[in-house]
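Peer 1: Quick one: the structure is below, and I'll ask about it shortly.
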Ligand SMILES: [Fe+2]
Ligand SMILES: [Fe+2]
């Protein structure tokens, strides 16, 4: 029995600013996110075996191992090292950990994309296999950071757990509208953003003399880089087979702006927690408005957007818009920086209400 063939369905384009091709369009749907696997095929048999991702992050490679006799000494060493790290770094690390821990939301999101979703929860299509493997890998990030923070003794675990619970309960809405073009442009952007963010926390941990924490953040950053490579390759293929539709989707996603996965974060106290966390991340150079512009520029280069030819008039408009966006964002950011006053210090429940400058 052949596995159901999934093609992208654009029966109702929902992108007001840059409409995507309708299903009846001569351009549609060139892009079959389909599996033609047969249930008896080798590929399906492989899926029945436990999936082994190309790289696994084991907690015991980075953290004290509870079964070891040195466990308590190692925990003491870890917390001694953590004492040398400033509070603002912990605010950012906690925010990164909480973002990773809201993974159920992201797997749900991927399974909203038409044509590539995991139809059964154990679907043998390549798309579903990828999504489950990606989820398994991402799951290690939140686990590892959470365990490190628990052992560090620097954070209010009760508040962290509460925040994670609120965030998963709130979900997220990046306005992808079930559209895999928008979806994979969004994930390409996000994976690079997390690669930058974890890479910078690794750098800061090193600067604060904690090489083990730097290794944790660096290893996670390396995973994000591989994820970015996978998603950008998918979009690269989309540009190859449907340049106009992909160009319109890229512009549409940029017009909507990339909302961060934890944009609905809440700890039960601070109504502007995401803004406050983002302000600290910006001040520490972990993730900034400049990074946002750099990512767009990187993707424009990666997908050779400036060199696309043969686009429709609407496609060309979208191309001009996207290519002109990075300098525009940088100018706005510079203006905001020169106008900004001295930022206040505010308490963060994540670190026992100690105050941190925004
Ligand atoms: Fe991650
Ligand atoms: Fe990732």
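Glycine is treated like the rest: Cβ placed from N, Cα and C.
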Peer 1: Can you match one of 77, 80, 84, 100 to the Fe cation 1 site that TrEMBL gives for 138, 141, 224?
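Peer 2: The record-listed residue among the candidates is 100.
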Peer 1: With 138, 224, 227 listed by TrEMBL as Fe cation 2-binding, which of these, 119, 161, 191, 207, is given for the same site?
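Peer 2: Record source TrEMBL; matching candidate: 191.
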Peer 1: Tell me, which binding-site residues from 100, 141, 224 are within 10 Å of residue 191 (Fe cation 2 binding site) if we use the C-alpha atoms?
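Peer 2: Cα within 10 Å of residue 191 (Fe cation 2 binding site): 224.
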Peer 1: Taking the Cβ of residue 224 (Fe cation 1 binding site) as the reference point, list residues of the same chain whose Cβ is under 8 angstroms away and which are at least six residues distant in sequence.
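Peer 2: In sequence order, 191, 192, 194, 195, 198 meet the Cβ cut-off.
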Peer 1: Could you state the CA-to-CA distance between residue 141 (Fe cation 1 binding site) and residue 227 (Fe cation 2 binding site) to the nearest Å?
Peer 2: 13
Peer 1: Of all the binding-site residues given, 141, 227, which has the fewest Cβ neighbours within 10 Å once its own Cβ is left out?
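Peer 2: Each of the binding-site residues 141, 227 was scored; lowest Cβ tally within 10 Å is 227.
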Peer 1: Which residues, in sequence order, are found in the same chain with Cβ within 8 Å of the centroid defined by the Cβ atoms of 100, 138, 141, 224 at the Fe cation 1 site, excluding those residues themselves?
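Peer 2: Everything else in range on the chain: 103, 137, 140, 142, 194, 198, 220, 223.
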Peer 1: Compute the mean position of the Cβ atoms of 138, 191, 224, 227, which form the recorded Fe cation 2 site, and then list in sequence order the other residues of that chain whose Cβ is within 8 Å of it.
Peer 2: 134, 137, 190, 194, 195, 223, 225, 226, 228
